[in-house]
2 protein chains.
Amino acid sequence: MPTVNPPRGMRDFLPADKARRERVLAVIRERYRAHGFDEIETPVVEDYDRLHAGIGGDNEKLAFAVLKRGLDADAIRAAAEAPAGLSDLGLRYDLTVPLARFYASHRADLPSVFRSIQIAPVWRAERPQKGRYRQFVQCDIDIIGDASARAEAELVVASLDTLDALGLEGGSIRINDRRVLDALLDGFGFSADERPGVLITIDKLDKIGPDGVVAELEGRGVTPTAVAAFGAFLRRPQTLEYLPFGAAQIRKALPDGIADELVGHLVGIGDAVAAARGGGDIPLVFDPFLVRGMGYYTGTIFELAHPSVDYSLGGGGRYDGMIGRFLGQQVPAVGFSIGFERIVDLVAAAEDAGTRALVLVHDRDVPVAELVALKTALIADGARVRLEQRTKNLKPMLERASADGYTAFATVAAGATVDGLEFKPLA
Amino acid sequence: MPTVNPPRGMRDFLPADKARRERVLAVIRERYRAHGFDEIETPVVEDYDRLHAGIGGDNEKLAFAVLKRGLDADAIRAAAEAPAGLSDLGLRYDLTVPLARFYASHRADLPSVFRSIQIAPVWRAERPQKGRYRQFVQCDIDIIGDASARAEAELVVASLDTLDALGLEGGSIRINDRRVLDALLDGFGFSADERPGVLITIDKLDKIGPDGVVAELEGRGVTPTAVAAFGAFLRRPQTLEYLPFGAAQIRKALPDGIADELVGHLVGIGDAVAAARGGGDIPLVFDPFLVRGMGYYTGTIFELAHPSVDYSLGGGGRYDGMIGRFLGQQVPAVGFSIGFERIVDLVAAAEDAGTRALVLVHDRDVPVAELVALKTALIADGARVRLEQRTKNLKPMLERASADGYTAFATVAAGATVDGLEFKPLA
């Protein structure tokens, strides 16, 4: 008999956890819908070739493949030299590749600017470790068909509003633009070939600091004069002068020579977010060294920060090139993925207030029809009701009910009526 | 470039369909929770061995297998003679096998009578045809740990209440007991070996009628005297006398010699459902020839009928033997699966009343910050808002918005204020 545990790196969710997850998802879904996003769904599996078309980055290597059906012994033997022949489908590793396929398939039935919500699990065969799972839920919003700063502003405003609605007020967005990064690296004298490796190192700036970055770049053997220029810029003396988000702050954080158009796009996002939030500080922070891993980003990139944690709660960016690969026609696109698995751990476990959740503890001799009638009458009156047969020691049973969100209990003897029940609080 | 369609037999859901599916799921989830069921979740994949342990019936053959990772050429060649070596995981084909594993794994953390909700997709490699899909959602409720008629009554009352809440009033339950069927076949003189084949034929009674059933049984070569006795019973003269659900009706539908205990269990379910529904007709119909396909049923079986359709909208039964196979200890269990994919097509597409869903049609020259501020102000006021840039012909755009659930629109010029917007109905 195999183990009764879930497969390696995957999780079962018991009632209390599942209820909290569904509550958080309901808030996210409702808020994103209010902001004009429409939810779609695609199958859990996609064609193997599509998942391995080179746009999934490192995730492609982590994809679970689904075995082709009806393979005979000869076909299996032939696949020994070409293992891709064993699979025609695979489990999706993100929601962006399926979205691009969906858009290419259904474009004629979608608004010209399409704002999508996707809330669904993805699978990656990562080495299991604390906080990293082989099946986890992603919550993505994407805007396809709008190249303007309005798209980024709508994503940012919707995501911060959702975070507020979850009781996580005070979130902010670190923002950058891949083209700013490219211009910056060009300016220091790195070659285009050196960029991907240099970005991997820069991505560690928060962790290893300027000296660590310079040391790692020297180890990489990239253009030494570029490393020196970059190091000097990182270590330049800075006055700790507070500047609100805007052109002045962005210019101050960059060397000279970054195009006005790039700065203008970022400022446009900031202006729109400021207008939407109705004054006060703009919850945006320009970070010229924000990298984001995915290779497909082409413009704005952002990450969601919250004062309660030192890791990001989500992120996204512009990927104007990807949809075009499926469609044969360029279409601008920008997306934001809220880190559901991280956020759900931060949200209080409070049961929906207002619902009466009652446990009826009954003696063994109460007739079934009486019990079911009592239960149904309380449900019709708006309550949530669990029946429990009396045990010698009530305490463990009542504690479990409390953990599952029940708030009061009454004992039931034969002949009891709804009006005669006396409820006592559980906690 | 591969096709942009979803994989064979699987579906994409566009916004209007997805919104309707989520609304129906929210009602099902809320009603089942009110009736004291608690939602759980298991991973989409299970160990290959568990999915192929002989309890999934015909569905085991339809399971999609997940390719083992890290297979080298030698391992693949070796698998030519033993293809099970290619897979260690598979996509679940139902929610009952995962529930049995879940219960065995987490029993200590669950109430002694555990009422579970599972709402999740399953996969079967069926030949695609109208209304049959390779990925579809199942909505199961199960009660583990209660052998009494109370368990069946709670399932029936909760399921009918849910159907009512979806606007599908007037549902009823066809009910039978596998042990009644067994006793009936024994009484006619069929041998235990002949039972499975005879049940397959009886399952077609609605479609091919008594003569068709007798002809097919004769063709099967089962005990001829049993076929003759069964045929005589099927064609016996019956008075069209109305009897409400209860012992009298059940006895009348059966030959003599069925044990009182079996009839008593069915009557107990009826009494409890009657008490819960508070008088009027009991929405139960005893059908001694109701079979239900799954081999694991051991007692009560039922199907959900509705006057608007001639197919069943769900069904279930008792499977007291299955949990014990995982646990090494007998535990009674009974489940009911509501036919989500069928029900969702019957439910009206009405948007949640009460939500204002507004389209802002703006000129090209309205500044991004103004637009985002207007949108956000309306959202803060409780509305759902979509921005659309003005097109030459507004009609197709407004029709699409209406299909997506939007109810009113206003045009926006530069300098517009929330108070100055004039909304017109969309439909």
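Note that Cβ sites are derived from N, Cα and C of the backbone, with glycine treated the same way.
Quantities reported herein were computed from a predicted structural model and do not represent experimental measurements.
What TrEMBL lists as L-histidine binding site is A:D94, A:L95, A:T96, A:R124, A:Q138, A:D142, A:R292, A:Y296, A:Y297. When Cβ atoms from all protein chains are considered, those within 10 Å of A:Y297 (L-histidine binding site) total 24, not counting its own. In this structure, A:Y297 (L-histidine binding site) belongs to neither helix nor strand by DSSP; it is coil.
What TrEMBL records for A:21-367 is domain 'Aminoacyl-transfer RNA synthetases class-II family profile'.
The number of other CB atoms found within 10 A of the CB of A:D94 (L-histidine binding site), across every protein chain shown, is 22. When Cβ neighbours within 10 Å are tallied across all protein chains shown, the highest count among the binding-site residues A:T96, A:Q138 belongs to A:T96. Secondary structure at A:Q138 (L-histidine binding site), as computed by DSSP, is strand. Secondary structure at A:D94 (L-histidine binding site), as computed by DSSP, is coil.
The maximal spread of the L-histidine binding site, taken as the longest Cα to Cα distance among A:D94, A:L95, A:T96, A:R124, A:Q138, A:D142, A:R292, A:Y296, A:Y297, is 22 Å.
Here the Cβ of A:R292 (L-histidine binding site) has 19 other Cβ atoms within 10 Å, regardless of which shown protein chain they belong to.
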